[in-house]
Amino acid sequence: MDHVGDQVETALPDSDKRVDVDVAVVGAGPAGLYAAYCAGFRGLSCAVVDSLPHPGGQISALYPEKNIYDVAGHAVVRGRELVDNLVRQVAPFEPHYLLGTTATSLTPSQEAGWTIELDGGGRIHAQAVVIAAGLGRSTPRTLDCLRPYEGRGVAYHVPRLEEHRGRDVVIVGGGDSAVDWALALAPLARCVTVVHRRSEFRAHPHSVKQMYAADIRVLTDARVTECNGAGRLEDIRIRAGDEEMKLPAQALVAALGFITNLGPIGGWGLTVENHRIVVDRAMRTNLPRVYAVGDICHYEGRVPLISVGFGDAATAANHAAVDLRPGSRLAPEHSTDRDTALLP
Ligand SMILES: Cc1cc2nc3c(=O)[nH]c(=O)nc-3n(C[C@H](O)[C@H](O)[C@H](O)COP(=O)(O)OP(=O)(O)OC[C@H]3O[C@@H](n4cnc5c(N)ncnc54)[C@H](O)[C@@H]3O)c2cc1C
């Protein structure tokens, strides 16, 4: 399969239609996918909405090919593999995926519960909402000369290493992403050049050392001044000190970081601190039956890690189950009691 989570079927409602579920999850990153699983385990129907066309949040968008070493129970797991497993784990509960669409507004519905409007039309009606929106809206930093070639050779991340096989690839930036991608692409690209405007790299010193030792051309105190090509990117011009040079480039990856903000969620009436949604120990926000989990939420001492997001998700979904079905137990039954019935 080409993309992470390609097995997911997404069906956007027509502009005048609505999806009715017990729980709407905003964000299909690891925390959102696991919240959907935990809600399904409690017998709650679920819709998962994400602006991106694929599930997996930051993992799918920024590092699908990287190994992750600190997820409990996995000595090592590749990003795309973790996402595929999360999608597979929730599949028996048949969540309604609404991908490639942004949740724009949250308003109390005329009946009990909440209505979420989706950009491009359609809405979700849910008894409870779990916001798992991670960094919120993130916009890649760029350079003016790159914009005309966006999607035509210029990209802001590397969803599939393979597509760069045999290409001349230029990577712009000096942080971890720039150096990691350079190292990952070096064995399969025809030529990898890293262009960084400073003399020192911000990336981890060990990776920087590996980059200098690898078959990678490194240009420091340098900047891209021009992109050229008929239709697609073919070559670029670089100024390095007093020197001007022209390099062939069928691909340029700008790893210059992202500008993030809450996006539409900022207008939903939630209590926010430092761009994060404030929650209590049950992951409840200030709005009734609206919870927040993962990197978007804030409580004292929270650590922004995938494993912590999983814990948030389990807490939120089980509290939602009690809030929606008063009298039910907070602790779910043990999954071991279900045997293999939960495998797709
Ligand atoms: C390069 C890199 C390496 C990392 N390595 C590790 C690691 O080794 N271990 C680790 O634990 N963590 C790591 N992290 C951090 C980890 O990826 C995050 O903590 C994790 O992805 C947060 O998960 P999340 O589900 O809370 O949010 P995200 O993964 O950010 O997903 C949130 C989703 O919500 C969507 N969204 C936002 N607003 C809306 C809206 N209004 N409507 C619809 N959708 C919306 C976004 O499109 C996004 O897909 C790394 C991060 C980076 C960038």
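Each Cβ is built from the backbone N, Cα and C atoms, and glycine gets one as well.
Per TrEMBL, the feature FAD binding site maps to Asp50, Gln58, Tyr63, Ala103, Asp295, Thr336. Feature annotation from TrEMBL assigns domain 'FAD/NAD(P)-binding' to 22-307.
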Sparsest-packed of the listed binding-site residues (Asp50, Asp295) - C-beta count within 10 angstroms: Asp295
Residue, out of the binding-site residues Gln58, Thr336, whose Cβ gathers the largest set of other Cβ atoms within 10 Å: Gln58
Integer average pLDDT (0 to 100) for the domain 'FAD/NAD(P)-binding' (22-307): 95
DSSP-derived class (H/G/I helix, E/B strand, else coil) of Ala103 (FAD binding site): strand
DSSP three-state assignment (helix, strand or coil) for Tyr63 (FAD binding site): coil
Recorded FAD binding residues, Asp50, Gln58, Tyr63, Ala103, Asp295, Thr336 - maximal Cα separation rounded to whole Å: 35
Number of Cβ atoms other than its own within 10 Å, given for Ala103 (FAD binding site): 26
CB contacts for Tyr63 (FAD binding site) [other CB atoms within 10 A, all chains]: 21
